[in-house]
Amino acid sequence: MDLIHRISRQFEDSARIKLEALEALAAPIAGAVEIMIGSLLNNGKILACGNGGSAADAQHFAAELVNRFEMERPPLAAIALTTDTSTLTSIANDYDFTQVFSKQVRALGHPGDVLLAISTSGNSPNVIEAIAAAREREMRVIALTGNDGGQIGALLDDGDVHLCVPAQRTARIQEVHLLTLHCLCDGIDCLLLGVEDQ
């Protein structure tokens, strides 16, 4: 096995998928930034959820908003619903794992808030339940998926934003999700701070 060749293919494949995603996602990402800014400027917050690598992405995004991304600015309200082990295990034990995010959305979400729902397959049952709870709370939904968008893609309304990565491999989808989250953070900072192109 030629590891150098295999590694090179990974980089090339990742770059190709990112360029393909640029065509599909640039405008929807800009729309998602505007929705998030609208919520944050009206004392709203962003609740983020996902499983596995997507849980890490939810935490990464919330940390960038609460702390900072690349520029100094005031903290922004964002909560990753993946971090409170007592709450997560209590809900999973007493009810069902499909409810671990939706119960938190019902407790913490308010009209005008935004749910950032991350699922590479678009079929994660607990993320789907979180979207249903967000509907009840009159929240907008920004969904990051891959493949064909799965069940989540079919659930979204006109007021929501679907950021579906045009790829099948989970690793490639996750790589584009991370870049997308960084684009969201950068867009939020630029609109909040009035930063011109650099």
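Every residue gets a Cβ built from N, Cα and C, even glycine.
Over in Swiss-Prot, the protein carries these features:
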{"type": "BINDING", "residues": "N51, G52, G53, E64, N93, D94, S119, T120, S121, S124, Q174", "note": "substrate binding site"}
{"type": "BINDING", "residues": "H60, E64, Q174, H182", "note": "Zn(2+) binding site"}
{"type": "DOMAIN", "residues": "36-198", "note": "domain 'SIS'"}
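Structure with Swiss-Prot features highlighted.
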residue : record                 : DSSP (3 states)
N51     : substrate binding site : coil
H60     : Zn(2+) binding site    : helix
N93     : substrate binding site : helix
S119    : substrate binding site : coil
Q174    : substrate binding site : helix
H182    : Zn(2+) binding site    : helix
Sparsest Cβ surroundings (other CB atoms within 10 Å) among the binding-site residues N51, N93, S121, Q174: N93
Binding-site residues clustered about S121 (substrate binding site) [Cα within 10 Å; pool: H60, E64, H182]: none
Same-chain residues at least 6 apart in sequence whose Cβ lies under 8 Å from G53 (substrate binding site): T120, T170, Q174
Cα separation, N51 (substrate binding site) to H60 (Zn(2+) binding site) (Å, whole number): 13
Residues N51, G52, G53, E64, N93, D94, S119, T120, S121, S124, Q174 binding substrate per the record - widest CA separation, whole Å: 32
Residues that sit under 8 angstroms from S119 (substrate binding site) by C-beta distance, when 6+ apart in the chain: G50, N51, S54, V127, A143, L144, T145, G150, I152
Model confidence over the domain 'SIS' (36-198) (mean pLDDT, whole number): 97
Cβ neighbours of E64 (Zn(2+) binding site) where a neighbour is any other Cβ within 10 Å: 20
